[in-house]
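Enquirer: One structure follows; several queries about it will come next.
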Amino acid sequence: MAYLGLLSLVALQSLVTGAAFPDETIAEWSVNVYNHLRATGEDENILFSPLSIALAMGVMELGAQGSTLKEIRHSMGYESLKSGEEFSFLRDFSSMVSAEEGQYVMKIANSLFVQNGFHINEEFLQMMKMYFNAEVNHVDFSENVAVANYINKWVENYTNSLLKDLVSPGDFDAVTHLALINAVYFKGNWKSQFRPENTRTFSFTKDDESEVQIPMMYQQGEFYYGEFSDGSNEAGGIYQVLEIPYEGDEISMMLVLSRQEVPLATLEPLLKPQLIEEWANSVKKQKVEVYLPRFTVEQEIDLKDILKALGVTEIFIKDANLTAMSDKKELFLSKAVHKSFIEVNEEGSEAAVASGMIAISRMAVLFPQVIVDHPFLFLIKNRKTGTILFMGRVMHPETMNTSGHDFEEL
């Protein structure tokens, strides 16, 4: 079973008192964010939700006008759409992927925390409700300890205590007037489970050639699989792509793995929306031996740095035009935090065909082996639309098992 969760914090400050969403748009945004994160953290794990960021930016876009609005639309890749058309797409897509029963659970929630007595335009509130089903809560940000506790409690209640301490009292002060919280989490059972009795300790080789011992899951079954060339014409120039579906076949995890002797950093520059689409269209269902680490990761990302790097700058300065949100002048974005987690383990709702542990061997076999014992890239995506829900990479799996979450309570 895999669990993913995400929260984005957007706090705003005033100086006066102190169908289906186009998948190529989300894919382009996903790749841009990923490239920024890998450039700023060369040897770090990465995890984020392009969908959650798009929803948070959608709320900000609703409140923007003039050059601030134009800047957001350009950065998000919405210029080819009619003005405001993206809001309907975001609403329809979030409604489509949200599910609380059946084969998987995915929830998306938005809440706007507003300073007591602070005026927010009624039309903006109505549009927030219509497009993002957002709720509004009034608080006193000068009571920063109480506000932090209140928001964290809201987060915990929404995620069944999976995510805690998203914000701290230091995130708020007397001049903070608005905080936007966007929460997304996903829980899915593998269509074909990894049997726990087949999990064994195994070596994971990092890009610096050091090794760590990790729990390695195993199963043999039919999955979507393909081999692709990185264009180098070298012996290690072929890399593997494996797609593992969750129950119901609507959502899947796509794993991208270079040959063991080839660092992931060699493969990452190739990453483009068109290549992701090629992977999805080219993998074929066949019998595969899969060795996949059991891992958990929780990561907090400063969205402010990312958004600035991708061209969104005006919302962070006093000249920001957020007059569609409020008539109050000099309102700007002061803090944006993106927090996410993922757990991947053996659980699923169907029994696996494989029986007993098979020793790992790199000798010739009758069907492909995918041995994920070195750094890899992964995507969680909607198989119908191709839209990327979560994206990341695993460089250090040993750091991914210390989050302390009790995922069984979800």
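Quick reminder: no glycine exception, Cβ is built from N, Cα and C everywhere.
Since the structure is predicted, the reported quantities are computational estimates derived from the model, not experimental observations.
Pasting the feature list from Swiss-Prot:
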- 1-16: signal peptide (SIGNAL)
- Ser83: phosphoserine (MOD_RES)
- Asn157: N-linked glycosylation site (CARBOHYD)
- Asn321: N-linked glycosylation site (CARBOHYD)
- Asn401: N-linked glycosylation site (CARBOHYD)
- Ser403: O-linked glycosylation site (CARBOHYD)
Enquirer: Based on DSSP, name the secondary structure state of Ser83 (phosphoserine): helix, strand or coil.
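Expert: For Ser83 (phosphoserine) - judged by DSSP and reduced to three states - the answer is coil.
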Enquirer: If you count Cβ atoms within 10 Å of the Cβ of Asn321 (N-linked glycosylation site), leaving out that atom itself, what do you get?
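Expert: If we count other Cβ atoms within 10 Å of Asn321 (N-linked glycosylation site), we arrive at 20.
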Enquirer: Taking just the CA atoms, what is the gap between the residue listed as 'phosphoserine' and Asn321 (N-linked glycosylation site) in Å?
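Expert: Rounded to a whole number, the Cα-Cα distance is 17 Å.
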Enquirer: Helix, strand or coil: which one is Asn321 (N-linked glycosylation site) in, per DSSP?
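Expert: It is coil.
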Enquirer: Give the distance between the Cα atoms of Asn321 (N-linked glycosylation site) and Asn157 (N-linked glycosylation site), rounded to the nearest whole Å.
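Expert: Computed Cα spacing between Asn321 (N-linked glycosylation site) and Asn157 (N-linked glycosylation site) is 34 Å.
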